[in-house]
Amino acid sequence: MKMKMKLASFGLAAGLAAQVFLPYNALASTEHVTWNQQFQTPQFISGDLLKVNGTSPEELVYQYVEKNENKFKFHENAKDTLQLKEKKNDNLGFTFMRFQQTYKGIPVFGAVVTSHVKDGTLTALSGTLIPNLDTKGSLKSGKKLSEKQARDIAEKDLVANVTKEVPEYEQGKDTEFVVYVNGDEASLAYVVNLNFLTPEPGNWLYIIDAVDGKILNKFNQLDAAKPGDVKSITGTSTVGVGRGVLGDQKNINTTYSTYYYLQDNTRGNGIFTYDAKYRTTLPGSLWADADNQFFASYDAPAVDAHYYAGVTYDYYKNVHNRLSYDGNNAAIRSSVHYSQGYNNAFWNGSQMVYGDGDGQTFIPLSGGIDVVAHELTHAVTDYTAGLIYQNESGAINEAISDIFGTLVEFYANKNPDWEIGEDVYTPGISGDSLRSMSDPAKYGDPDHYSKRYTGTQDNGGVHINSGIINKAAYLISQGGTHYGVSVVGIGRDKLGKIFYRALTQYLTPTSNFSQLRAAAVQSATDLYGSTSQEVASVKQAFDAVGVK
C-alpha cells in the first residue's frame with residue numbers, strides 16, 4: 001500500500017522502459033506496431049502477422065522473428081534464444097505463449113515476449129526483444145564473481161544504506177545469473193533477492209555486475225510473490241460468525257479440531273489466518289477460538305482478513321476463472337496484529353501481512369476490502385506479467401492492484417467507490433483516502449502523462465504515476481470528459497475483463513504505459529471486435545490521459 005512518504009530508489013534500465021507509439025516503418029499494411037524508442041525495434045505488434053500451414057504456434061513465432069530480423073535487430077537463432085515458458089489455449093480460441101529471451105542459455109533480465117495464434121495465424125507479439133546482444137563484447141569475457149561474492153556485496157550495501165543492521169532473512173538469499181541491459185550497455189550480472197521483516201519489512205532486489213561487482217540497480221519489491229509452506233489443521237469444516245473492524249457481522253469458514261481455527265477448506269488449498277501477536281515473526285499462530293464466535297475487538301482484524309481473502313478468491317474464480325493468485329489454487333495466508341502501531345499492509349513474498357495502524361493514520365488495515373484485494377492482486381501480477389516494481393512498469397503494477405482492488409469492492413457490494421483505502425485511512429478525517437481513481441489530482445497524483453513524475457523517489461513514481469492509469473481505467477468504466485477528450489463508459493465488468501486479459505496475456509515485465517495501451521486495445525479487440533465501442537472507449541480513455 002502507498003504511504004504518504006515516498007522511498008528512494010534507482011532508475012530501471014532506460015532501454016527497457018523507454019517505449020513510444022510511432023508511425024515508424026510499418027512492417028506491413030495489416031500490422032499495427034508500437035515501437036521501442038530506445039532500440040527503434042517493435043514493442044507490440046498486432047494484425048495478421050504470419051500464417052504457415054502445418055506449422056506449430058511456437059514455430060510461427062520463431063519464423064516471424066527471423067523473417068523480420070532487421071526490424072528486430074535480432075540476428076540469433078530464434079528457437080535457441082527464445083525459451084518457451086508457457087503455452088495454453090484460451091476460451092477465445094487463441095493459443096497463448098510466453099517466451100523468455102536468453103543469450104547463450106543465460107536469461108536476459110526482464111526480456112519476456114508473449115504471442116497469440118488463432119486459426120493458424122500469428123496475431124500478436126508483445127514485449128521487447130533486446131537487440132544486438134551478439135555484438136556486445138562485455139558479454140564475452142565471462143563472470144568473475146561467485147554467487148556468494150555477489151550476495152555479500154548486496155548485503156553489505158543493504159546494511160549500510162537501508163537496514164543499518166543485519167536483518168533476519170525470511171526466504172534466504174535467492175540469486176540468479178542473468179544478462180542485464182541498461183540502455184546500450186549489457187552486463188553479465190547476478191540478481192540477488194534479500195527478503196526480511198526486521199528492522200522494517202523489505203524485499204530488495206539487487207543487480208550486481210558479475211565481472212567487477214558494481215551495483216547496477218537496486219529497488220524494494222515488497223509485493224513480489226513466492227508460494228510459502230502451509231501447515232493445515234486436520235479437522236471438520238464449520239462456519240463461525242464474527243464482527244469486523246468496522247463493526248459489521250459476517251460468517252466465516254473455520255475448521256474444528258478441539259478449537260475453532262481460521263482455516264477455510266472450501267477455497268482452493270485453503271485460506272489461513274494467523275495471529276502475529278504484535279511481533280514481527282511470521283506467520284504467528286493459526287487463529288484459534290473456543291466457541292466459533294469472533295466478536296472480541298481483538299478478533300476484528302482477523303475476521304476481516306479471513307473473510308476478504310475469501311471474497312477476493314471468489315472474485316478471481318467466478319469472474320475470471322482464476323484459481324487463487326497463482327492460477328493453481330495456492331493457499332492464501334494472512335497474519336494480523338503485525339508489530340505495534342504498524343501503518344501498512346503488504347505481501348511479503350509468500351503471505352499477506354496487516355498492521356493495526358496507530359489509530360490516527362490507520363485503523364487495522366485488513367478492515368479495507370480494497371486493501372486486501374489490492375495486495376493479493378500484486379501476487380496475481382507476479383505470477384502473470386511479472387511487472388518490475390520500478391518506473392512505469394511499477395506504476396502499472398500499482399494501478400492494476402488499485403483497479404482490481406476496487407472491482408473486488410464492487411463485486412462484494414461493500415459500500416463501493418473509486419477511492420483506495422478509504423475505510424481504514426485517517427479515521428478522524430471524513431471522506432479521506434490514500435488515492436482516488438476518479439480524481440487522482442485530489443491527492444496530488446498526476447492524471448495526465450504530461451504531468452508524470454520523472455524522479456527517483458517512490459521507486460520512480462510507482463504509486464504517484466499509477467494515478468494516470470487509474471484515471472484511464474475509471475474513464476473506461478464510467479465515461480466522462482477529461483482534458484477535452486470525451487470517453488464513452490462501458491462499465492466495470494468489461495473494464496475488468498479487458499485489464500485482466502491485458503495483465504495475464506499481453507503485458508511483460510518491462511511494459512510501459514504505451515505498451516499497456518496497446519495491450520488494452522488488443523484485449524478489447526479480442527473480446528469484443530476491432531470495430532466495437534469497447535475498443536473505441538479504451539482508445540478514448542488513453543487519449544484523455546495523454547498515453548499514445
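Start at 1 and count along the chain as shown; that gives each residue its number.
Here the Cβ of each residue, glycine as well, is placed from N, Cα and C on the backbone.
Sequence annotations record features per position, and here Swiss-Prot assigns active site to Glu375. If you look up Swiss-Prot, you'll see His463 marked as active site, proton donor, on the strength of experimental evidence. The Ca(2+) 1 binding site feature in Swiss-Prot is assigned to Asp289, Asp291, Gln293. The Ca(2+) 2 binding site feature in Swiss-Prot is assigned to Asp370, Glu409, Asp417, Glu419, Glu422. According to Swiss-Prot, the Zn(2+) binding site annotation covers His374, His378, Glu398. Residues or ranges marked as Ca(2+) 3 binding site by Swiss-Prot: Glu409, Asn415, Asp417, Glu422. Feature annotation from Swiss-Prot assigns Ca(2+) 4 binding site to Tyr425, Thr426, Ile429, Asp432. Summarising the annotation, Swiss-Prot assigns signal peptide to 1-28.
Features as recorded by Swiss-Prot, highlighted on the structure.
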| residue | record | CB count, 10 Å |
| --- | --- | --- |
| Asp291 | Ca(2+) 1 binding site | 9 |
| His374 | Zn(2+) binding site | 29 |
| Glu398 | Zn(2+) binding site | 31 |
| Asn415 | Ca(2+) 3 binding site | 11 |
| Asp417 | Ca(2+) 2 binding site | 17 |
| Glu419 | Ca(2+) 2 binding site | 23 |
| Glu422 | Ca(2+) 2 binding site | 21 |
| Thr426 | Ca(2+) 4 binding site | 17 |
| Ile429 | Ca(2+) 4 binding site | 9 |
| His463 | active site, proton donor | 25 |
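Considering only the binding-site residues Asp291, Asp417, Glu419, the residue whose Cα is spatially closest to the Cα of Ile429 (Ca(2+) 4 binding site) is Glu419.
Here the residue listed as 'active site' is positioned 27 angstrom away from Asp289 (Ca(2+) 1 binding site), judged by their C-alpha atoms.
Neighbour counts of Cβ atoms within 10 Å were compared for the recorded positions Asp370, Glu375, Glu409, and the top value is held by Asp370. Rounded to the nearest whole angstrom, the C-alpha distance between Glu419 (Ca(2+) 2 binding site) and Asp432 (Ca(2+) 4 binding site) is 9. Around the Cβ of Asp289 (Ca(2+) 1 binding site), the number of neighbouring Cβ atoms within 10 Å comes to 18.
The secondary structure of His378 (Zn(2+) binding site), as reduced to three states from DSSP, is helical. Within 10 Å of Asn415 (Ca(2+) 3 binding site), counting C-alpha to C-alpha distances, fall the following of the recorded positions His374, Glu375, His378, Glu398, Glu409: Glu409.
Listed in chain order, the extra residues whose Cβ falls within 8 Å of the Cβ center of the Ca(2+) 3 site residues Glu409, Asn415, Asp417, Glu422 are Asp370, Thr406, Lys414, Pro416, Trp418, Glu419, Asp423. For Tyr425 (Ca(2+) 4 binding site), other Cβ atoms within 10 Å of its Cβ number 24. In this structure, Asp289 (Ca(2+) 1 binding site) is part of a beta strand by DSSP. The CA atom of the residue listed as 'active site, proton donor' is located 20 Å away from the CA atom of Glu409 (Ca(2+) 2 binding site). Around the Cβ of Gln293 (Ca(2+) 1 binding site), the number of neighbouring Cβ atoms within 10 Å comes to 13.
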